[in-house]
């Protein structure tokens, strides 16, 4: 039987005759498969070209996984409402994959990553208009909390969802999802196998917080509340 797979926002339907597995055996509730999903993401993040000087190591997050499960259980090939994709202070991004047969999680993640063929670092989508958002979310440097889940919607419809916190794919930075340079160049004292392990626990509300803090310092409650990462996360990846 030929399986079809679809990635959200991808207009074409892709066909594949191998890679299918028993759905129950691939449950993301199992610790082994959580480890497989995290390890697959980290291996891909570690292997980016050009190399990344600020790429954070991903870790499994149960709250993100619960949110992903609720999203998958809707059995709707559409992103879940943004307000339902939060973990603590972080807003979370989301990748969705649909297939007519069950797939191994490593194959799902690889399918998202394979959009790299239409991505050029520093330029973005090439040719222009190509879908690259699943790839860029996987390699977004500061997305370090990961949770995934799947749902069997029918005998011919399987939905896979991963959520990433904090969210990536900031439009103004989509061509540079990480800072190029020597691996762990921005975290020499907090590095494990080429990935940084010093994430900031805060998230700035504005992309120009560096400029705001330079101008006004972190002396007002407004600045501290709107730019907490810039104000408080020294020597961390923000």
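Counting begins at 1 with the first residue displayed.
Cβ atoms here come from the backbone N, Cα and C positions, even for glycine.
Note that the structure is a prediction, hence the values are computed from the model and not measured.
Listed in Swiss-Prot:
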type	residues	note
DISULFID	75-153	disulfide bond
DISULFID	92-165	disulfide bond
DISULFID	148-162	disulfide bond
DISULFID	184-191	disulfide bond
DISULFID	187-196	disulfide bond
DISULFID	200-233	disulfide bond
DISULFID	209-227	disulfide bond
DISULFID	218-231	disulfide bond
DOMAIN	38-164	domain 'SCP'
DOMAIN	200-233	domain 'ShKT'
SIGNAL	1-19	signal peptide
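Fewest other C-beta atoms within 10 Å: among the disulfide-bonded residues 92, 233, that description fits 233. All protein chains shown were included, and the count of other CB atoms within 10 Å of the CB of residue 162 (disulfide bond) stands at 30.
Among the disulfide-bonded residues 162, 165, 200, 209, the residue whose Cα lies closest in space to that of residue 187 (disulfide bond) is 200. Residue 187 (disulfide bond) is surrounded by 22 other CB atoms, counting those within 10 A of its CB over all protein chains shown. In the three-state DSSP scheme, residue 218 (disulfide bond) falls into the coil class. Summarising model confidence by region, the domain 'SCP' (38-164) averages a pLDDT of 98.
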